[in-house]
Ligand SMILES: [Zn+2]
Ligand SMILES: [Zn+2]
Ligand SMILES: [Zn+2]
Ligand SMILES: [Zn+2]
């Protein structure tokens, strides 16, 4: 049944909790803007990430990508969902374009939970966040030379 | 009138032609995937860009961002439209997530022309390509601490 | 004694072994160039990373940075050494400039082991790999406005 | 004669002047740290760049890379020298690791002038700034599979 594919509210809550927790490790001396993320794999493992900034601003890394490379480096590259958390009380934190493209590398049909510190959230799929995107399947030799 | 704000077909064609032309300068020994871009400023200047790759793949730069930093470095940071061109005959080339975020820095309401080598195109706004995005106005101290 | 600060050969070997192992998780469908890294923290924990590429080449991440953001996201940001491994039999794999800057964020006086698959290595400090660099301490308000 | 290859003091001064001038276009609302760069091609053309930042800090671009992609997109990818300028009165501004790698793509034996606002400078080659680097010639199939 379709419902079976959906994540239960308990699981969503747990994932969001872990994204909030991940925020505590943020290394962000430049922006002072802490972000946390927690990604849930198809094998039901969770990986937590935070933003890691750099004195050369453009060399930092977002929390979402940190969580995802952790997963990949541990052998997990199929995802069900990712939750993102910040300290902004009145805004749902949304992923940057680079993180959307990074998510999209691993599929378009999984869920992104954009949250507030109180646990409220908006859910969108990767596809909705990055419409008309390109990914691994577009770089086949056939497509590129045609 | 609203129509006055729209770009004429002649101007669109010219911009697309310049994006195709820009592709010839692509430095892409790794992907062998040439991309060109041409951005039209609010002052009706055009800046052309190509992709510039690197032996460390993740240090390369896309054509769209090349075109835009050229414009900014010449004092132009308000844009009407950008056209993107590749060699893929059967696909409309679309911008990566990082380029969408880079565009979005300079406004959400301008146009992206995704083209084929024969000049056919699809038009979408930056906002449509990067829904629920964040930008400069979201990083005010007030918003970040609330 | 100075010797006490040095890593024993056994520890170096172990770190290199872990960097070789990490390589197995590499996600590199574009370059087909697998890289692994293992970073040793001041608290003697090891974190392993691999390269994670993207269809938009410039959005990928190197193995060294993957290992380091993993460490930071787990609360470890003081490092003793990092080992890097690739499949190139006749070359010592060296870090890209972006990874050197990322390392440098967390200090200049720690060691980088550039290895071959057979375990042979060259050791250099972050400082030697990135001379005359800038880092967090250079971005104090005082220095920037003087 | 060897001297003939060297740039005259007049040319160096001019290049530094252009890097200082380029700084005026910097888009850096986040760091407030203006940087300018001017690159001199083997055909004696000069291209000026500035830093262009982004609300997602890690998506910004440094002045040096801006200057270089401008040159490449105009058909120039062999360089004699680059000058870098900032507002720091008491420090010679030096390039980040990513920019060093970007420079290195186009050769190791050209000059980087790190300046102060008063025109004083330190000169180093790309090779000195990024020792034991890898570049395009290391990604030949032969080397990668051996
Ligand atoms: Zn991001
Ligand atoms: Zn792009
Ligand atoms: Zn690297
Ligand atoms: Zn730089």
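Using N, Cα and C of the backbone, Cβ positions are placed for all residues, glycine too.
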Identity of the Zn(2+)-site residue among B:62, B:76 (reference: B:96, B:99, source: TrEMBL): B:62
Among B:56, B:96, B:99, which are binding-site residues, the residue with the most C-beta atoms within 10 angstroms of its C-beta: B:99
In sequence order, the binding-site residues (B:62, B:96, B:99) whose C-alpha falls within 10 A of residue B:52 (substrate binding site): B:62
Fewest Cβ neighbours within 10 Å, where candidates are the recorded positions B:53, B:64: B:53
Short-range binding-site residues relative to chain C, from B:52, B:53, B:56, B:57, B:96, with Cβ separation under 8 Å: B:53, B:56, B:57, B:96
Distance [Cα-Cα, Å, rounded] between residue B:56 (substrate binding site) and residue B:96 (Zn(2+) binding site): 18
Residue among binding-site residues B:51, B:54, B:55 with Cα closest to the Cα of residue B:62 (Zn(2+) binding site): B:51
Pairwise Cα distance for residue B:99 (Zn(2+) binding site)/residue B:64 (active site, proton donor) [Å, integer]: 6
Listed binding-site residues adjacent to ligand 2, that is, members of B:51, B:52, B:55, B:57, B:96 whose C-beta is under 6 A away: B:96
